[in-house]
Each structure stands twice: as C-alpha cells, then as structure tokens.
Amino acid sequence: MGQLCCFPFSRDEGKISELESSSSAVLQRYSKDIPSWSSGEKNGGEPDDAELVRLSKRLVENAVLKAVQQYLEETQNKNKPGEGSSVKTEAADQNGNDNENNRK
C-alpha cells in the first residue's frame, strides 16, 4: 500500500525556513495576497475556473504552512527549559512521602 506524504515541498523549502524565523508574519503576508471574488467574476457573478484553481492552490498552500507553523511551535515548546521541573517536583514528592513513611 502506498503512503501519503504531507510534505510535498520541493520548491517551497525557503518558505519553511521563513516559518522558523517569523511564522506569523509569513502567514499574514500570504493571507493578504488572497484577492476578493470580484477579480475573476463571470457574468453570473461566479469566479472563473482559472481563478478557482489559483485560489484553491493558495488555500492548500496556506493550510500546509499553518500546519508546519504549528509543528514548529509544538517542537520548540518541547525543547524549552522548565519541562523537567515537573519531573523534579514528582521526585521531590516521592522523597517527601518516603521520609514521612520512615517516620511512622
């Protein structure tokens, strides 16, 4: 069975590296580039096919960039100092309980 890869970035590696430095600024820049529906309207008030394809590609690109941003934020939060503090307090609690048990 084939596997689906969620990182088809051959040409967009620069965009990923931009996310590492200022992810929210990059996403804001892309969201400003999305035009309103009036730019490619047909007579019936609907956007033409080329406009829909272009907007669909942009939406997918934005979704992927947001997913990468979320991943980077989550991995950076895991590596921050202070994560081990919960382990230290658990160890201190266990030591405190052991001392109380020894006194009884």
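Quick reminder: no glycine exception, Cβ is built from N, Cα and C everywhere.
Here's what Swiss-Prot has on this protein:
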LIPID     Gly2  N-myristoyl glycine
REGION    2-11  region 'Required for membrane localization'
LIPID     Cys5  S-palmitoyl cysteine
LIPID     Cys6  S-palmitoyl cysteine
REGION    18-40  region 'Required for apical membrane localization'
REGION    52-65  region 'RII-binding'
REGION    72-104  region 'Disordered'
COMPBIAS  86-104  compositional bias 'Polar residues'
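Residue counts of the region 'RII-binding' (52-65) by helix, strand and coil are 14 helix, 0 strand, 0 coil (DSSP-based).
Across the region 'RII-binding' (52-65), the model assigns an average pLDDT of 97.
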